[in-house]
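Below you'll find the structure, written out as structure tokens, and then a few comments.
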Amino acid sequence: MEVVRKFKGIDLFAVTCCSTITLGVTFLPYVGGDEVRSAWLKVLVAVIPYFVLFYLLKKFSSKYESYDFFYEMKVSTWNWVFHLIVLYFIVSTLFAIVYGLEALTLITKVYLLPNTDQWIVLLLFLLVAAVGLGYGITAISRFVVSLILVEFILLFSIVGLGFTEYFRWMYIAPVWTTDVITFLKSSISDMARYTGVIALLGYLPFLKKDAAVFRPMSYGLLLVVSIYVGICLVVVGTFGFEQSLTLLSPFTALVQSLSTRTGVIERVDLFFLGVWLIAYYKIMLVQSWFMVFLMQRIFPIRRNYIYILLSLVLLFVITMFMPNFVEQIWIPIHFNNIIYSFCVPALLLGFLLMKRKEGAQQSETS
């Protein structure tokens, strides 16, 4: 895969936002075995590790002019170790996308197409995704940048409309019903909202050399966190904590309640779901492109469409045979998402930074 360095900070900002925003918007607040009555506070705590990861990426980009994490790993480790690392990233990305597709088909069947079979919804979505992947990362970046403003205006508008007479401030005050350890353990589950930022490892090599790295990524993630916190506050403040836990999609229920109250826009929830589908289409493009990018790093081929076709076929088959995304079988996959999106990259980045420093010291003493 040819790497042409032509993207700017605004592209990195948009890709950071769109790589991880979709599912977190729809399914807040998160429900877990150790849930506490401070969903919005958990969202703030859970994002901290990813700012640490962004800082490591900043140090990495200042040390290595290529900005290419996987290339530097290839030249710094044994060949078989590099292949194992990339293969692990491919499999983890594959199942992360499958989880999102399960949620996508569920929401579509419940709210939009209740009489349509799952495989039809899934096939149509993958066919449209194939078109975007065929145009490559340049077209994907332009598509992401062009629509990001519309989506966030809509989301912030809905959050703003939520602070009405139905909103009760007493619902959102943090309630410490457990100890700090249990709270932190519960917050770990919410780290899964931000795992999509792992695709930035494949996107950074396409940035211009003079483009900023840390600030666009941080601003993008801060915008995502702001939306998550706003949605948590509005949903819990409107429905109360206990009722919010019984809703399939609390934010969708909030939008439906807004249309019922105002009477100005009929079925505004369908409009929101349409925008949500576009947003998920973008996150699907970014993550699927990242998976194809990784495949090219293991076995480079000239015909990129072969990997695109292989990826979409795997996604279709696995999604059709995997259980519903609310089943317990997904719990290990959630924890693996945290490991592959933060723990493994952080360790490998630390290795590359230390290795580079040792090499510089040796050159000075020689």
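Cβ atoms are placed via backbone N, Cα and C, with glycine included.
What TrEMBL records for 12-33, 39-57, 78-99, 119-140, 147-171, 191-207, 219-241, 270-293, 305-326, 338-354 is transmembrane segment.
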Which listed range (119-140, 191-207, 219-241, 305-326, 338-354) shows the maximal number of Cβ pairs under 8 Å with respect to the transmembrane segment (270-293)?
119-140
Using Cβ distances below 8 Å and needing 3 or more such pairs, separated by at least 6 in sequence, tell me whether the transmembrane segment (219-241) contacts the transmembrane segment (78-99).
no
Would you kindly list the residues that approach the transmembrane segment (39-57) from elsewhere in its chain, counting only those six or more residues past its ends and only Cβ-Cβ distances under 8 Å?
28-30, 172, 174, 183-184, 186-191, 193-194, 197, 200-201, 204, 213-214, 217-218, 221, 225, 228-229, 232-233, 236, 241, 341-342, 345-346, 349-350, 353
So which residues does the transmembrane segment (305-326) touch in its own chain, when a touch means Cβ under 8 Å and the partner is 6 or more beyond its ends?
94-95, 97-99, 101-103, 105-106, 118-119, 122-123, 126, 129-130, 133-134, 288, 291-292, 295-296
Long-range neighbours of the transmembrane segment (191-207), counting only residues six or more past its ends (CB under 8 A):
3-8, 11-12, 15-16, 19-21, 23-24, 30, 43, 46-47, 49-50, 53, 57, 61, 66-71, 89, 93, 96, 137, 213, 217, 221, 224, 228, 283, 286-287, 289-290, 293-294, 334, 337-338, 340-342, 345
